[in-house]
Every structure is written in structure tokens, then in C-alpha cells.
């Protein structure tokens, strides 16, 4: 009945373990990365190397962002044993609001001139507000009124897209504010220098995180990984971050566009001047979302309650967790992220169209599920969902490049979804995870 | 006579047309172990769920230290230092032991983030006391054995300075050795002045651990006797027949 059995200071000796186990990496993550590498190399061979050019990597990246942002929110929704079929419709209505605010209402009713610095922020805020409120409303119907999430969001799937249709009278709205379209991808990038700076800071942060996690465990006398494993993990992070930045920097901005950029500043482009795109602002938004959502999932009470509720709703309630309010919060977060995706998607297309985000609900759910989120609830990761979105987009883009026509593309993507979930089920059965 | 630690007076609750608990009163003194007995569906679990805040009584009052308290949800019960070990254990199977132990009451860093390292350290301390063999702190509790899961549920109730402890079938999933450990724990907590409600089907165990036994049938309180005043047969006849032989004799 004393504390003497507690390991203090010395770490317990561990049985010899193999390379992968020592790194303590998630085997599911390794599987997904493996699948992604196979897809990338396969398409690279099939396209004679075009698939893995900096240009295509850049394009696939910016095409992934919108679905990936929403997929991180879908993880929380599915982890709490719910589903959201209305994310594409929420994206559409907030896109409609954003477009109307910047192109019609602010200039029309409030007399702001086109090009005013206020247009983009106000449009963005109204879009985020609308989608967050609709998300919270969905959550209220589900949590407090006990209507199944499937029904609420199936209804929302029809309601919100066409509510957006009435806002714009079914019109395509363009052109958009010039500041706003910087958020879409190719139009707004950091350039080479600042991309290196961001990459460097991210690398330092990654190494610091690894160091800090170890220091924390040592200070409590908990078992730790071998030192070489920590170095390997840190090294992988740095190489991956810097490699990504180098690739995006290697994709040069076209000459004509560069010349216009110089002319816009009243300068003349020097001969032989080149400049890489670097990190797109939309990718920075996705990275910020990924970091914040991961911190929420792992390090906040909200995240802890989301996973506890998914694992055992009764236990969560008996522990004093307000699971109804939690549902509202989860769907409000989902709504907010739909608004964010609307900004990125609309800015990338440089127009609001009534069919923006069509079928995104299925892509988002597929990304989360391919990324290891269990529909039974209680399990899922943010990085998995983003990787899932990237795998889906790579498949679609790659097939497009190879010349697979669009009906067959859909057949393949559908098949891959079912196959991925089957592999996951077999894996869980083998390892005993649920 | 000292003030009871807890009194529940004239508690009733209906589910649809059925009175699951019908005008039941019960009390608990500091350092006392009261056993709740009865068939499945007799209303024992419903009664203690009202105390734990999982259900809200339709009628009746609850007093802690002689003061009337409102218990509308599990948070209210915890605020009164009423802790419960549920028969189902109420663990989130996908989370590790420390996350379950602190569920709803996470320790946080100055930045408001959950402090997993500190919670694991605290969990290791309490588990070293309750179940020294327990060392699986980083695995989800679904991969633990029945006894280990039970230790997590017990640790959760004991860690937060409970004054009133509700144990619903705490030994149902346990082996002989672990059952003896739970019995020792109950005696230790009793000596610290906690009031304990114990629910079990094992009449012999109840006779050994409890100071008083209360028997319920069909939502009603049949009898409330000191253990030394009744025999095991008396208790069994109360459970089965719904009659108190002592009272009938008197």
C-alpha cells in the first residue's frame, strides 16, 4: 500500500523490438503512406514521369485543400457516431453568401468600391458566420431534438444548396475581388524565400515537439523510445517538410504572368528572372487547420470528450459530459470548416457557381474513412483524413492524366473506397483493435 | 444521534406507467456500508442512479449532511463528492486508463490543454495502491482484462476524495483474489469514514461486508435491517417473498 511499486527515475527495460515498433509509428499510417507511394509511382510510370513533376504536385496539392479541410471536421462528426451529408450543400450556400457579399451587396448597398481592402475580410467573415450557424443548427436538431444525423443532414443536403441557389438566382458570380482570389492556390503563393522561411520554422517546430515530448516523459519517469528512433522521426519530419517546400519552389511561375506582375508594380522584369510558386496560401490554411484540429483532438477537453462520447456515449454522459451540447459544437466546427472550404474552392475557381462542391459530401466522407476513421465511432485521426483526401485526389488526377474517362474514374474511386474499408476491417480484426 | 451523511426521502420515479422506485427512503451514516439487495428489476440500480444523477426523481428529496441538495445530472452528484462504480463500469473503451480515470475532470496545463503526463503520473500512483500489478497505462482499456478494467473504474471513484461511494456489483467480473482485494478496499474506505452503498447478489458477501442491508422488490423498500439482527434466510425470504419476517413476527 505504498508508492514503492511505481517506477521512478529508471525506465523499465523493454523487450527487444524491431525497427518499426521502436519508432512507435501507427501501422495504419504507414499503410496509407505506402498506398500513396504506390499510386504516385504507378501514375508516374503510366504518364512517363509527368505525374511527379513539381507542376502536377502543385496542382494536386491545391485541388486537395478544400476536401481535406472539411475531412478534418468529418473526423469529429464520425467519431461521435454521426454523419454529415450536407457539407457540400453548406459549402455551396456559404460560397453563395461570400460571392454575393463581395460582388453585389457590399458594392451595391454599402457603396464600397471594387478593390476596397474591406471587401475580402467582410465577405469571408459572413461566409464563415453563415456556415457555422447552419452547422450549429444541424447539431441542435441532432443533439437536442434527437433527429438522426443522417436525416437532418440528408434534408440539409437538399435545403442549403438550393437556398444558396435562391440567393444568387442561380447565377454564376464572377469576377471576384482580387485580394480574395489569392486564397485559392496558384494566384496566391509565398514565393521561394518565404516558403523556405516557413519550411524552416516548421522543421524547427517539429524537432522541438519531438524533443519536448521526450523531455516530458523522462521528467515523469515513463518509458521512452530509444534515442536513435527519436532522431529518425525528427529527421523524417525535416526531410518531408523541406522536400515539399523544395518541390513547390521548383515549379516556376510562367514568364508571362511574372512580366504582368512586374508591370503591375510599374517595374520592368530583368532578363532571365525566374521565381518559383512556393507554398500556396490555401495550403497554409490547410496546415493551420490540421494543426489546430490535431491539438483540439488530442490536447483539449473538447477533443477528449469527442472521443470518449464516440467510444461509449453512456459512459461519457455518466462522467458528467454534456453530450448534447457536444453534438452542437461538433457540427458547428464542421460548418465553420465548410465555410473555410467554400473560400478556398471559390477563390480557386475564381467564381461562384451553383454546382460548387457537388458530391463533396461523398469525397469528404470517403477521405475520412480511407484515413482510418471508424464509422462505429471512437477512432480517427486528423492526419489520416488529410492523407485520405490526398489519396483520393491523386487517384482522380492521375486517372485524368492517363486519359481514363470520367465515368470509369468514378467507378474506380467507388471501388477503392470499399476496398480501403475492407482492408481496414481485416487489419482491425487481425490486430484486435476495434 | 449524529446527522446522517446521506438521506434520500420518499423517492419515486416512473418509466411510462411503471413505478420503478415507489416512495423509497434510505439513509447512510459516515463509515457505514449499506447493502442493497433484490432481484433484477427490483429498483436498486434505478435508486442509486437517481443518487448518481443519471436519472432525475419524479418525487422525493435528497439530503447530504442534513442539507437538501439538488442532483439533476452526474456533475451535481460529483460536486457533492458522490462517486459511482457502475456495473457496466462506464469506461470509454477507446481511451487509456488515465483518460478514463480523469474523464470529465481532466487535469490541465496553465494553457488550458489536457496534461496527459500529469494524469498518467497520478494514475500510476493510485493504481500502485489499488492494483500494484497494473502496468498497461498507454493501451486503450478495451484491451485490459475484466479485473484490470474494474480497477480503473474503482480508481476513478476513489481518486477524487469521495465521501459517498456507490458500488454496483463491484465484484461481478472478478476472480477470487481480486474479490478479496475489493473487500479489503471497502474495509479501508469505511475506516476512513466514507459511506458506501453496495449492490450485490451475493448474500454471504453482503453479510460479511455490510453494516445494514436494505431489500427492495418491485420498486418498494421491503426491509432495512442491521446485519447482526437478521439471518441469511431472513434476507433471502425478503428478496423472494417481498415480506419482512422480523416485522411480521413483531
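Glycine residues also receive a Cβ, built from the backbone N, Cα and C atoms like all the rest.
Residues annotated as transmembrane segment in TrEMBL: A:29-51, A:57-78, A:85-105, A:117-137, A:144-163, A:193-211, A:231-251, A:279-297, A:326-345, A:365-390, A:411-427.
The transmembrane segment (A:231-251) makes contact with the transmembrane segment (A:57-78): 3 or more of their CB pairs lie within 8 A, with pairs spaced 6 or more apart in sequence. Of the candidate ranges A:279-297, A:326-345, A:365-390, A:411-427, A:326-345 has the most C-beta pairs within less than 8 angstroms of the transmembrane segment (A:85-105). With a cut-off of 8 Å between Cβ atoms, the residues of this chain six or more beyond the transmembrane segment (A:57-78) that come close are 84, 87, 91, 149, 184-186, 247-248, 251, 277, 280, 282-283, 285-286, 289-290, 293, 297, 306, 330-331, 333-334, 336-338, 340-341, 344-345, 348, 357, 360, 363-365, 367-369, 371, 373-375, 377, 380-382, 384-386, 388-390, 392-394, 397. Scored on C-beta pairs under 8 angstroms, the neighbour of the transmembrane segment (A:411-427) with the top count among A:117-137, A:193-211, A:326-345, A:365-390 is A:365-390. Most Cβ pairs within less than 8 Å of the transmembrane segment (A:365-390), among stretches A:29-51, A:117-137, A:326-345, belong to A:29-51. Away from its own ends, the transmembrane segment (A:326-345) comes close to residues 65-67, 69-70, 72-74, 76-77, 80, 82, 84, 87, 90-92, 94-95, 98, 124, 127-136, 138-140, 142-144, 180, 183-185, 282, 285, 289, 302, 305-306, 309, 316, 356-357, 360 of its chain (Cβ-Cβ under 8 Å, at least six residues beyond either end).
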